[in-house]
Structures are given as C-alpha cells and as structure tokens.
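Reviewing the structure listed below.
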Amino acid sequence: MTSPLLSVENLRVSFPTHTGRVEVVKGLTFTLGRERLGIVGESGSGKSMTGRSILKLIRKPGQVTADRLEFDGIDILSQSEKQMRAIRGARISMVMQDPKFSLNPVMTVGEQIAEALVTHQKLPRRDVQARIIEMLHAVRINDPERVAKLYPHEVSGGMGQRIMIAMMLIPEPELLIADEPTSALDVSVQAQVLDIIDELVRNKGMGLILISHDLNLVSRYCDRILVMNAGQVVEECAAGQLENAQHPYTKGLLAAMPVINETRDELPVLDRTQWAGT
Amino acid sequence: MAIDQQSASPEPAPGYAGKRLVRGFSTTGGFVVTLFLTFLGLLAITFFIGRVIPIDPVLAVVGDRATQEQYDVAKIAMGLDRPLWMQFIAYVGNVFTGDLGMSVSTGRPVIEDLSRFFPATFEMATLGILIGCALGIPLGVTAAARQGSWLDQAIRVVGLLGYSVPAFWLGLVGLALFYARLRWVGGPGRLDIFYDGLVEPVTGMILVDSLLRGEIDIFWNAVSHIILPAAVLGFFSLAYIARMTRSFMLDQLSQEFVTTARVKGVPERVVIWRHAFNPIRVPLITVIGLSYAGLLEGSVMIETVFSWPGIGNYLTTALLNADMNAVLGATLVIGAVFIVINKISDVLYRVLDPRAR
C-alpha cells in the first residue's frame with residue numbers, strides 16, 4: 001500500500017451536555033487506502049460521527065479534534081469552510097441512511113443529481129443531462145429519462161437509495177462513506193444496493209467506508225473491518241478473519257448471531273457491565 | 001398516469017412553473033363551483049346573524065317616533081313580513097345584482113360606500129404585507145441560519161415587539177416623529193387637502209389611479225401619506241412572518257436532505273435558500289395569506305390614528321349606528337376576501353409543492 005488515502009489518528013468528537021462534554025468518539029485511529037473498510041458497531045458507538053467528522057460536518061457545538069486527520073495529504077481540520085466545499089462531493093462523498101429523508105422533497109431527482117455535478121464542474125446543459133442519464137443507468141435504473149423527472153416521494157426506497165448513490169458518485173469522488181446505506185431498506189433490496197456500491201467502487205478504484213451494524217453484511221462487502229464500541233475501536237481485522245476475533249465484545253456480537261439449522265434455547269446477551277455508565 | 005404524460009413531453013423548459021400554475025387551476029376541479037358554494041355559505045351566515053341580533057331594522061329607518069301604521073308600511077316595503085327563507089333568497093338575489101341596500105348612516109347605497117372604503121384599505125394592506133414579506137422573510141431566514149448569534153437575538157426582539165407594541169401607540173409615535181418633527185412623510189388622510197378629489201376614481205386606489213392619469217405629483221403625495229400607516233401595518237406582519245419563517249427554517253435546517261446538500265459541497269447560501277427555504281414556501285403562504293387577510297379586514301386603530309377612510313372604520317361606525325345593511329355588506333366583503341385568499345393559497349400550494357399535486 002502506498003501513501004494512504006485517509007489517515008486518522010486519535011480522532012475525538014465531543015458534545016457539550018448539562019453534565020459536561022461527552023466524547024462520542026474517543027481516540028479513533030485507522031488508515032485507509034483505496035480499499036473497502038467496514039466500521040461496525042451498535043447504535044451510539046460513534047460510527048456515524050466518525051463518518052461525518054471526516055467530512056467536517058459536525059455542527060457546532062460539537063467539537064472534533066485529532067492528532068492527524070489527513071485526506072490525500074490534506075489536513076482536513078485546518079481547511080476553511082470554502083476549502084472543505086471543494087472537497088465535499090468532489091473528493092469525499094457520503095451516502096446517507098434513509099432516502100425518504102435525505103432527498104430534497106421539492107426538487108426532482110434529476111435536479112438534485114445535476115446539482116451534485118455542476119457544483120464542482122461547469123458543464124454545458126446537454127452534457128449534464130447525458131451524465132445524469134449515464135449515472136442512473138450505472139445504478140441500474142431502467143428508464144432514467146423518466147426517473148430523472150420524478151420527485152423523491154414518487155420513487156421507492158430502494159430506488160431512492162440508488163438515486164442517492166448516483167448523486168454521490170456523479171462527481172467521481174475518491175472516497176465514499178456509506179453511512180448505514182441499507183438500514184432503511186427492505187432486506188430484499190439491501191443486497192442489490194450494496195452490489196451496486198461495490199461494483200462502482202471497485203470499477204473506479206475508490207476508497208469505501210461502509211458503516212453498518214450488520215456484521216455479516218460488512219464482512220461480505222469489505223476487505224477490512226473495524227469493530228467500534230462506545231467510541232473506541234475494539235477490534236481490527238481482515239474481513240475473512242472475523243471468526244478469529246480476539247476481543248470479547250466482537251466475540252459476543254458474533255455469538256449473538258443465530259445460525260440457521262442450529263438449535264439454541266437462548267441467544268447470549270452481551271455482558272455490558274464493563275461499559276456501564278458510558 | 002400524470003407521470004406518464006409528463007415523461008412523454010420533452011424535457012421541462014425553464015418556464016415550467018407557468019404550466020404548473022395552469023394545471024393547479026384545472027386540477028382544482030370546479031374551482032369556480034367551490035368558490036361559489038363557499039360564498040353562498042358566507043351569505044347565509046351573515047344574513048342570519050343579521051336577523052337574529054336584537055336590532056330592529058325597521059326602527060332604524062322610520063325612527064322611534066313613527067306611528068304603528070308608518071312602521072307597518074315600512075316593514076312591508078322592506079319585505080320583512082315575509083318568511084325568513086324568502087327574505088334570504090331575495091337577499092342573495094340582491095347581492096348578486098350588486099344591491100346591498102342603503103346605509104342609514106351615510107345615506108348612500110352600501111355598495112357605493114364599500115367601493116370607496118375598501119380600496120383604501122386594500123391599498124394600505126397590500127403595501128403593508130409587501131413590506132412585511134420583503135423584510136420579514138429575509139430576517140427570519142437570517143435568524144435561523146445564524147441561530148443563537150446576536151443577529152438572531154436582535155431579530156427575535158423585533159418579533160417580540162411586533163407582538164407586544166400597541167398599534168395605535170406605534171402609529172402616533174410614527175406621526176409625531178416622521179410627520180410632525182422630521183416632515184419626512186405626509187400626515188393623516190390619503191392625500192394633502194389641495195390634491196383631494198382631483199383624481200377621478202377608477203380603481204379607488206389613489207396610487208393606481210394617479211398613475212393611470214399620469215398625475216405623478218399626486219402619486220408621490222399619496223405615497224408620502226400611505227407609507228407610514230403601511231409601514232406600521234407592515235411592521236406587525238413582519239414580526240409575525242419573521243418569527244414563523246425562523247421556526248420553519250430551523251425545522252428544515254435540521255433535516256437530513258440539508259445535510260445531503262452540504263455533503264455535495266453546495267455553498268451555504270444555496271443550502272439555505274434552495275434546500276431549506278424552498279420546502280417552507282407552502283407553510284409560509286398560509287402564514288402570509290392569513291396575515292394579509294387580517295390586514296384587509298382593516299385595522300380600526302391604524303385607520304383612526306391616520307384618519308384613513310378604510311373598511312375597518314366604516315364597519316365600526318356602522319356597528320355603532322345599528323346600520324345593519326352596512327354591517328352585512330362590510331362583513332360580506334371581508335368574508336369574500338378570506339375566501340379568495342384561501343383559494344389563491346390552495347392554488348399556490350399545488351404550484352410550489354410537488355407532493356400536493
């Protein structure tokens with residue numbers, strides 16, 4: 001691996017509360033090349049906050065600190081808002097969780113995708129249109145001309161998420177953060193959406209951070225996995241090595257997954273005593 | 001199906017909103033019919049209220065010294081001996097032929113009075129709501145975009161003042177300062193006395209009429225008279241509109257699709273106006289429509305302070321004189337204004353919100 005696409009060292013995200021600042025990400029360290037990294041963890045483990053802090057999208061009063069947060073040699077934390085805007089979308093992009101809420105309800109699909117493109121590239125109108133159609137094709141939408149004129153409430157969840165992917169990939173970023181891209185979708189379309197992300201990411205040689213709470217899903221689509229709990233990485237391993245996991249938390253998570261053709265009276269519950277009070 | 005038709009047409013031209021407007025009207029399906037029915041309901045309500053209140057319209061005409069014979073003759077002449085439903089039908093017939101009866105207090109037909117008083121209110125209210133929107137919306141958006149900043153605090157104080165300052169006080173202080181002291185604006189009334197009656201009324205709105213006649217000096221004189229009361233009215237709607245805009249915007253700015261826009265690298269100004277503001281246009285129209293309708297009702301306070309011959313003044317005077325024809329007529333006009341504004345908002349909803357189509 002040559003110089004990493006993204007290197008994160010001691011990333012901390014905190015929010016003020018009535019009882020003082022609470023850290024939701026506590027010293028996260030990892031590097032990412034042009035590979036597929038999965039971040040797994042339960043709700044509130046800081047996965048999404050990690051994704052958003054890479055885009056510098058943590059709004060005040062939230063606070064992000066890190067010894068190092070570099071994307072392709074650029075120190076993210078020292079970038080101005082204006083400099084960040086040139087990076088967001090164009091170089092790092094993010095697919096959000098639920099297309100019902102993450103697409104603008106009063107703009108057509110085509111307008112929203114076009115916006116993602118023309119924000120970063122000045123193109124003649126006809127070229128923009130052609131790129132949109134091409135991109136919608138790439139996310140396996142039949143009849144893209146028709147879909148481009150629809151409003152988000154007129155498309156299904158699975159199609160909405162494919163539109164989201166098209167919108168986020170059209171400026172050809174180098175890193176895609178997929179923040180629980182399938183949690184809001186039917187199981188039947190989850191695989192389809194992930195296959196599309198996988199295919200496009202591989203073809204374009206991009207880096208991918210797949211954030212999820214689904215261990216199986218992540219091990220299927222990623223090269224490497226970070227297991228997060230309470231704001232910290234508890235385990236880092238290659239996707240194939242998951243069954244050799246060392247940390248009790250990871251082991252607990254794996255044990256809690258039912259296996260087909262198996263009879264267990266009760267699935268084990270995580271022993272949470274050591275995290276009590278967090 | 002509508003979707004298929006849409007896709008059959010070539011790509012949307014920039015003037016797409018115009019097409020939406022037409023469709024907005026046609027999909028309302030019997031727009032005129034609903035308008036008519038609502039108006040009929042309004043007529044029924046005003047009519048029966050007019051009949052149940054304990055004021056004898058005959059007595060108001062013949063005076064309290066009339067003999068019983070005179071009273072009976074007048075009662076029959078006014079058609080009040082007939083059953084209520086026949087009276088109602090006659091009333092509806094009269095209204096649709098433009099006959100609202102005579103006003104006892106002014107001695108003129110009510111319709112004529114209304115055509116003199118309502119344009120004065122209309123002119124002032126329209127200018128007021130324009131001022132309110134032009135300042136209130138940007139203020140509300142700015143406050144929301146910079147939530148918690150000193151600017152936000154200042155705008156919230158303005159909003160609070162708009163709720164708590166009495167209209168007559170603000171009007172009087174405005175007159176004392178800008179008219180009496182600084183001489184920046186004209187005083188009470190719609191025109192200076194030597195311009196009065198020089199313009200033949202066409203619409204009844206002096207600003208429009210003077211321009212139609214090409215009387216520029218009369219126009220500017222009318223502007224100098226209307227600007228202060230309209231600004232006072234505008235201030236109150238500004239305060240309301242700014243507060244509502246701020247809260248709608250805060251709601252939108254926390255939505256996921258606003259984050260999506262930021263992820264795309266869209267400039268903050270575009271995030272705010274295109275992504276957060278566009279979806280709130282529909283609720284804002286409701287707020288502005290209600291606010292405008294409220295102004296068109298005529299503000300008795302403002303009209304009294306500024307000697308403005310508006311509908312609020314007319315209605316109040318009529319009420320105090322038990323002038324039922326005038327009261328019913330003015331109530332009808334105000335009700336009709338509400339109906340029309342509601343209908344306009346309905347159509348605008350469909351134009352502005354794809355989900356409502």
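Every residue gets a Cβ built from N, Cα and C, even glycine.
Here is what TrEMBL records for this protein:
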TRANSMEM  B:29-49  transmembrane segment
DOMAIN    B:118-349  domain 'ABC transmembrane type-1'
TRANSMEM  B:124-145  transmembrane segment
TRANSMEM  B:157-180  transmembrane segment
TRANSMEM  B:218-242  transmembrane segment
TRANSMEM  B:282-302  transmembrane segment
TRANSMEM  B:322-341  transmembrane segment
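Proximity of distant same-chain residues to the transmembrane segment (B:157-180), defined by a Cβ-Cβ separation under 8 Å and at least 6 residues beyond the stretch ends, is recorded for 139, 186-188, 228-229, 231-232, 235-236, 238-240, 242-243, 246, 299, 301-302, 304-306. Between the transmembrane segment (B:322-341) and the listed ranges B:29-49, B:124-145, B:218-242, B:282-302, the one holding the most Cβ pairs under 8 Å is B:29-49. Sequence-distant contacts of the transmembrane segment (B:124-145) (same chain, at least 6 residues past either end, Cβ-Cβ under 8 Å): 151-152, 155-156, 158, 226-227, 229-250, 253, 268, 272-273, 276-277, 284, 288, 291-292, 295-296, 298, 302, 308, 310.
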